[in-house]
Amino acid sequence: MDPEAISSDSHVAAAIATRRRSNSVSDDYSVQRTNDDATQCKYFAVQKGYWKDDFISRFANSSANVAEARRFPEISMGYWARTAAVEKYVREFLTEFDENVQVISLGCGFDTLFWRLASSGTKLAKYVEVDFSSVTSKKIRHILKPVGPGSIDLKKSFSSEAVVSHHADLHAGNYHLVGADLRQANELNQKLATCQLDHDLPTIFIAECVLVYMSADSSSSLLKQIVDNFRKPAFVNYEQFRTSDAFTKVMEQNLGERGIQLHGLEMCESAEKQEERFRTAGFKTVKVLDMNQVFNTFLDKEEVSRIANIEKLDEMELLEQLLAHYCIVFARF
């Protein structure tokens, strides 16, 4: 489910892979499998010390080897910048509204942000995660599996006992995990309704390499659906950027070999395209930063310096090229 999850020695772009939403069942399956790749890459980066995540090991296969190309420092740095930026936006939103906020993560995969927030003492009204049912059912099994020596019980962060429905949905008071296809508005609305959300509360949505797998019409409809249904929505979107060049063509070819295509790539061509999409849906303010800007101006400078010293790069060109082709969009109503 993540761009950095697939690599090739021939070009940095081939180190990029992403999720896609399509009408093909086999293609959906290929996209879902990238979640496993991404989780292993994150686990490797955490083991190297790029960031602290006491929970990723519950979802990763600790005995599996991470492919050599996926151990490139540039890949780990990209994951760190993305993880840190998304979390910073969410924490700032929580602080602005005294933590009386709902978080909805779309295409969540095996993300651990809920547990990282909870472990730091952060309180929030509700945290909801949505993904394909095949993904959420696996995540539920990881959450509920027996706790071994030195392992953390993920259920301790829940405000009530976890209740599982249809093998793919879990409800636990402050945390909800539901299976739904984001392209299907009625299905998504029905599943969100089971989470007992307050549509008047400030609500921040997260999508990391998700919209790009949907057609432009589908992602635009999803954004419009959010603005229509929530009174104070915000949206953090991480995905590809500057997609008209050779870098992206190599990435597309690499993904195509795995049966994955990018229906929404046209919306990722420029900051203007991203801004147009969100404003057309009804968001009033939209800020677009490429990941070089995020790395150099948005994130904590001391942390950036620490990250740069974990695995010192001989030259920065590869990292800068990688970061230039991804962006963070922060939109508010």
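Each Cβ is built from the backbone N, Cα and C atoms, and glycine gets one as well.
According to TrEMBL, the protein carries these features:
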- R82, G107, D181, L182, E208: S-adenosyl-L-methionine binding site (BINDING)
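In this view, the densest Cβ surroundings among the binding-site residues D181, E208 belong to E208, judged by other Cβ atoms lying within 10 Å.
Other C-beta atoms found within 10 angstroms of the C-beta of L182 (S-adenosyl-L-methionine binding site) number 23, with every protein chain shown included.
Among the record's S-adenosyl-L-methionine binders, R82, G107, D181, L182, E208, no two C-alpha atoms are more than 24 Å apart, and one pair sits at exactly that spread.
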